[in-house]
Each structure stands twice: as structure tokens, then as C-alpha cells.
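S.K.: There's a structure below that I have some questions on.
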Ligand code: ACO
């Protein structure tokens, strides 16, 4: 048993903040940010919530797929920047769209979140636990970045992406994924310190901390390797893949993966110049963009790859 993607959706907050806008409020420049990352602008929420963006992406994906909310068996929502610890974001989406038969849960695997959530959907399909599912990646990173740290805050943005998937045994799906907690301190966010009747602590939650060079080294080593692993499992040559939809962290990481795999960069669509790094939302936002442009035909082979905090990585091969 495998899955088929029936429809996609995405949502980006209306307000766009360019590198030049950032340079007006901090010591940075468009040249510094763009030359190191490929990022030129990001969408920043002024009044959108994490769940609210997820709902907008979900409605669009449901509309395209022709699936009614009551038909959904599960909603898997990947985020590290949810509005509340409980109810989870997936339950917020359930309420807003009327998916009263769905089992709803959030997952957190940072930038690998959407691929992990899709992997969970595959596992539920294989176990006959669910047929139709909503898989969402959504982040409001603007509320968790440290705006006084110019080396990290310029990298991130807000947005949501979503796919409606259905169990389908006519298609193949292969997964390669992993985690390395040993390297976890390279990218951290939101530490919750003890605060109870024995320990008094009024420090705010910690914001994003990143050792950029450590994360870079991890990404350029891990991404080509996990892609090669998934292709080997699938028994498919790298040229047969129409698109490699990679997490949009940094253009240099994507260029390096294409080079190591000896593939044309045209196979690696990018939108990070406009959207920046939206963590778990970046893969589904980009997937929706490709789909909406009509670039995917049924049967096309695609690879999606997420990597980041944890440290985590996940790659999925599937047939459109
Ligand atoms: N504007 C101008 N100057 C800056 C800025 C900025 N926004 N940020 C840092 N600098 C300065 C530093 O202060 C430093 O100055 P100094 O030499 O006088 O001390 C200089 O630029 C170099 O700083 P580094 O941190 O060494 O910059 P580096 O070349 O490593 O680039 C970057 C930083 C872009 C983050 C890089 O490490 C990288 O691409 N890392 C990959 C990690 C990544 O993409 N993370 C995204 C989140 S994780 C994920 O999604 C997988």
C-alpha cells in the first residue's frame, strides 16, 4: 500500500519584507544575505496565526482534491511554532474545516517535519489505519527567531503548505530518513525551563540559536547521501526523477546537492529567493507552486527532502 497526492495548497502572509527592508533596521545588506543564501525576501505574518495559515492551505488543497472534510481520517500537522501546546494545530484545523471524523495530531521534526508527517501518512495507509489524510507543514518562524541575531533572523519566514493524500496500492513510495540527536545543539529553539512550586523561573522561552557552519556541513553531506539511498531503495535512476523538491534553507546547499549528484540544477526548483526558509512549510509550499504551474503530470516521479533541527533528515520518493 502506498499513497497518492490528490491535491495541494499553500498560503503565504501578505506582508513581504525584503533584505533592503531588514537593512533599514539592522546591520546587514541585500548583498550579504543574497550572496550567502539566495534569499531576497520573506513573508512575515502581521495578523495570521500558525493554525490560521494551515487552515487556508488546507482549504485550497481540499478544493483541488475534491475531498470533503468529513472524508478525512487523519490530519497530521508538522510545526515547531504552533500557537498553543494544546489544543494542537491539527485540532484547530479540524474545527475550522469541519473534519469531524479525523484523528488529529501535530509532529515536530523542524525542517524535516513535512516529510516526517508524509511518512507517517504512508505508515497509516500501510497499516490500514487511514485512507484519506491531510498533511500540513506550517510555521510562524517570525515569532521564534531572535531578531537581535542578524546571522539567523535574516534566514527565516512564515507560511503554510498542505497535501491531501489517499492510500493507493497502484503506486510506489520509498523512504529514507534519520535523526542525529548528538548534533542537536547546532540548531535549537524554544527551551522550556523548569518553573514549578520548587523552582521559580521567569525567563522567556529561548529563541532560535543556530551554529550556521555546523548545520551547513551537516546538510551538504547528508542531503545527497539520503537522496542516493532513497533512489537505490526505489531502484530508480537519478535522471528519471522529474523534480527534487528540497527544503529551501539555502541556495548554496541545494546547488551543492545538485553538483554532488551530478544533476542539472533545473531539476531542483527553488522559491527561497521569495519565501526564505519556512522550515516544515518549505517543501509543501514549493510542491504546491510546482503543481499550480501545471509542471506535474500523473505518473511523474518526484523526490522530496527535508533536513534541519534535531538534527533530522527525511527523503521520500513517490509517483505523482
Ligand atoms: N549581515 C551582515 N553580516 C553578517 C550577517 C548579516 N545578516 N550575519 C553575520 N554576519 C557577519 C558575521 O558577524 C561575521 O562577521 P565577522 O567575520 O566580522 O565576525 C561574518 O558575517 C561571517 O559570519 P558567519 O556566521 O561565519 O557567516 P557564514 O559565511 O557562515 O554564513 C550562514 C552564515 C549563511 C548562516 C551560513 O553559515 C549557512 O549558510 N549555514 C547553513 C545553515 C542554514 O542554512 N540554516 C538555515 C536553518 S537550518 C535549516 O533549515 C536546515
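We number each residue from 1, going along the chain as drawn.
Each residue, glycine too, has its Cβ placed from N, Cα and C.
Whatever TrEMBL says is automated annotation, not expert-curated.
Residues annotated as domain 'Beta-ketoacyl-[acyl-carrier-protein] synthase III N-terminal' in TrEMBL: 105-172. Under the heading active site, TrEMBL lists 111, 247, 277. The domain 'Beta-ketoacyl-[acyl-carrier-protein] synthase III C-terminal' annotation in TrEMBL covers 231-320. Residues or ranges marked as region 'ACP-binding' by TrEMBL: 248-252.
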S.K.: Where else in the chain does the region 'ACP-binding' (248-252) make close Cβ contacts, counting only residues six or more beyond its ends and a cut-off under 8 Å?
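M.R.: Result: 36-39, 111, 155, 215-216, 219, 270-273, 275-278, 282-283, 285-286, 307-308.
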S.K.: Name, in the order they occur in the sequence, the residues of the same chain whose CB lies under 8 A from the CB of residue 111 (active site) and which sit 6 or more residues away.
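M.R.: In sequence order, 247, 249, 277, 279, 280, 282, 306, 307, 308, 309, 312 meet the Cβ cut-off.
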S.K.: Mind looking up the mean pLDDT for the domain 'Beta-ketoacyl-[acyl-carrier-protein] synthase III N-terminal' (105-172) in the predicted model?
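M.R.: Overall, the domain 'Beta-ketoacyl-[acyl-carrier-protein] synthase III N-terminal' (105-172) comes to a mean pLDDT of 96.
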S.K.: In the domain 'Beta-ketoacyl-[acyl-carrier-protein] synthase III N-terminal' (105-172), how many residues does DSSP call helix, how many strand, and how many coil?
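M.R.: Breakdown, helix to coil: 24 helix, 24 strand, 20 coil.
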S.K.: Comparing the active-site residues 247, 277, which residue's C-beta has the most other C-beta atoms within 10 angstroms in this structure?
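M.R.: Counting every other Cβ within 10 Å of each candidate, the maximum falls on 247.
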S.K.: Kindly report the helix/strand/coil residue split of the domain 'Beta-ketoacyl-[acyl-carrier-protein] synthase III C-terminal' (231-320) according to DSSP, in that order.
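M.R.: Per DSSP, the residues of the domain 'Beta-ketoacyl-[acyl-carrier-protein] synthase III C-terminal' (231-320) fall into 38 helix, 21 strand, 31 coil.
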